[in-house]
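Noted in Swiss-Prot for the protein shown:
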BINDING   CYS114, HIS117, CYS185  Zn(2+) binding site
Amino acid sequence: MKQEKTVSATLVNNPALTGRGTCCDDDECLNDPAQLPAEIMESMSESVYTLLEGVGEDPEREGLLKTPERVARSLAFLTRGYRQDPEEMLKKAVFTESYDEMVLVKDIDIFSMCEHHMLPFFGKAHVAYIPDGKIVGLSKLARVVEVFARRLQVQERLTQQIRDAIQDVLHPKGVGVVIEAKHMCMVMRGVEKLNSVTTTSAMSGEFISSESTRGEFLRLIRP
């Protein structure tokens, strides 16, 4: 049909959707191993076209001509965590080290999407662990957060997944993760509470068994 051909033509003529990239023109994006195949991008774009019609819009008007393509590319980026392995990322930067005090990376920016409404939630993640002969490159902690956040999520599961990945790879004496986030599904719709912030935590090892360790962690992440 004419509508489908319009969408397909836009996709076929776009190098970002034909295996050479997904969302931008820089080298990192063009070689992004997490990109989606062109046929999936085309299917997603056609679905967005249908959604636009469903809400009463005209997908053929000037301002919306490229919207299906743009939304598909955005969703591919926002869900790229499905195509990345956080444990493999951690394993690339594990080092033997005798340090045995707490390691904390706090105020890691997170952006994710609620799986119930596909609306954003965003905030900060605080990640700590106590080494047991092994440490990991600090940037890898932030990358693990990023990989799990770039999926459809609930904050509770996201917090646990970060903890479990670090625990499974490093086998530390304990892991502590706290996430504080604002959910657009509570701000833009539903109860419409603009200032609500959700806090979740997931602990293991000494962060559970030692009250002083847990207390130190929670004190350190306070503003």
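From the backbone N, Cα and C atoms, a Cβ is placed for every residue, glycine too.
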Count of other CB atoms lying within 10 Å of the CB belonging to CYS114 (Zn(2+) binding site): 18
Coarse DSSP state, helix versus strand versus coil, of CYS114 (Zn(2+) binding site): strand
Other same-chain residues whose Cβ falls within 8 Å of the Cβ centroid of CYS114, HIS117, CYS185, the recorded Zn(2+) site, in sequence order: MET113, GLU115, HIS116, MET118, LEU119, PHE121, HIS183, MET184, MET186, ARG189
Distant-in-sequence Cβ neighbours of CYS185 (Zn(2+) binding site), under 8 Å, six or more positions away: CYS114, HIS116, HIS117, LEU119, PHE121
